[in-house]
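Have a look at the structure below before the remarks.
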Amino acid sequence: MRLLIRGALILTMKENDEPFSGDILIERDRIAAVVPRWEGRADEVIDASGMVAMPGLINAHNHTPMTLMRAFCDDLRLMEWLEKKMLPVEARMDEEDIYWGAMLAMAEMIRSGTTAYADMYIHMDHVARAAIDSGMRASLARGLVFLEDDGGKRREEALSLIEKWTGAGNGRITTMLGPHAPFTCPPGPLAEVIDLARERGVPIHIHLAETKEEVVRIRERYGQTPTEYLYHLGLFEHNHVLLAHAVHLTRRDIGLLRGMRGGIAHNPVSNLKLGCGIAPVCDMLAQGLTVGLGTDGAGSAATLDMFVEMKAAAWLQKADQSDPAVLPARQVLRMATVEGAKLLGIADRVGTLEAGKQADLILIDFQKPHLQPLHDPYALVAYSASGADVDTVIIDGRVVMRRRELMTIDEEELFRQVKKRVPRLVDGI
Ligand SMILES: CSC[C@H]1O[C@@H](n2cnc3c(O)ncnc32)[C@H](O)[C@@H]1O
Ligand SMILES: [Zn+2]
């Protein structure tokens, strides 16, 4: 099967490429050619004139089933929001709640141009099912909280997820181990997870230094910053690590992270909305750290639209540094694509448009007043476009949204399921 994308303005997101008008040939699941004009045969042609073609966006930190808690309880501090609201709701969630909550996230992500993402949650078999059914590319981790003894049940679930799902869906599913955060993972069990990850060659996904309260708790318990705590447990010695948030880092902390494998998922909208603070993204980048973008769950961030995240990331750093030159549009786009792919450990497969890579790409409709004139396509995508401008989404060579119609998800049934499930989850909480 040969699918030709004809006549798009192409942003490959490769380091030295400039935008150009051209064609993209997709053969089965891969990109076969990115050229000014494809003269050969194709089975199907998508007319992309007036559109920008670019790699699909990569959301490097999410908790997909939390879409069911969107707008349920906003405007609380993180610890109160988590302990008094989220955890009690999560204790009521069954496997089908997880599946439909995740599916709601898949629909929202695809509609706004996300083609790959990282997730940490519970009942992850059912998140994996939603990723497979929707066609999404996903890196999945069973979230591990070690505040009470469960006889090793969560650890078993984490290993079973890895064994059962790694490589599923033509390699679209990858897996990680997900110790939740320094404040929910004491040194003993956390060190075991770190060893396990190293032995099995599995990356780790963990929250870090999201709030000042976390910094105080870890200082009281261990006399260290959260980053020092992870560093001294050996987390950064061998493992590929995906750190979510990293808002409260000292200069010394950033120094400890230098040379780490993996990097940081920056979640500016969640950090702003929960009043957590501003992550030192410019300092991280200056030290050569890899920084991608994530939304966090819709329960905190309210939206899974990565276009909102790109704007927030750029504007926050410009304001914080009193310098409009920091985080220019092209760099923000790289954070949302190729840098995110590095964080998920899949940069050899996705993140740029080039022959040989898996065909994960989006077409953005530029025939709109807010996307004219075409001085700088990077700036228009980063600062002016929104998820609603995404016209067509292709993941692994499969068209999952065509002219804004979802091809893999029945939205009527999805909304019916969500409406039916939510009251039981939140009643009285
Ligand atoms: C044990 S599964 C993952 C766990 O993480 C919780 N969570 C969601 N958002 C955040 C956040 O911003 N910081 C810390 N923890 C978060 C979620 O409710 C699950 O319990
Ligand atoms: Zn999170």
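Cβ coordinates are placed from backbone N, Cα and C, and glycine is handled just like the others.
Annotated domain 'Amidohydrolase-related' per TrEMBL: 53-400, in sequence order. Confidence over the domain 'Amidohydrolase-related' (53-400), given as mean pLDDT on the 0 to 100 scale, stands at 98.
Around His207 (Zn(2+) binding site), the C-beta neighbours below 8 angstroms that are at least 6 residues distant in the chain are His180, Ala181, Pro182, Leu243, Ala244, His245. Secondary structure at His207 (Zn(2+) binding site), taken from DSSP and collapsed to helix, strand or coil, is strand. For His61, His63, His207, Asp296, the entry in TrEMBL reads Zn(2+) binding site.
The substrate binding site annotation in TrEMBL covers Glu90, Arg142, His180, Glu210, Asp296. Look at Asp296 (Zn(2+) binding site): DSSP puts it in coil.
Close to ligand 1, meaning a Cβ under 6 Å from one of its atoms, are these of the binding-site residues His61, His63, His180, His207, Glu210, Asp296: His63, His180, His207, Glu210, Asp296.
Within the set of binding-site residues Arg142, His180, Asp296, Asp296 have a CB atom less than 6 Å from some atom of ligand 2. Taking CA atoms as the reference points, Asp296 (Zn(2+) binding site) and Glu210 (substrate binding site) are 11 Å apart.
Ranking the binding-site residues His61, His63, Arg142, His180 by other CB atoms within 10 A of the CB puts His180 at the bottom.
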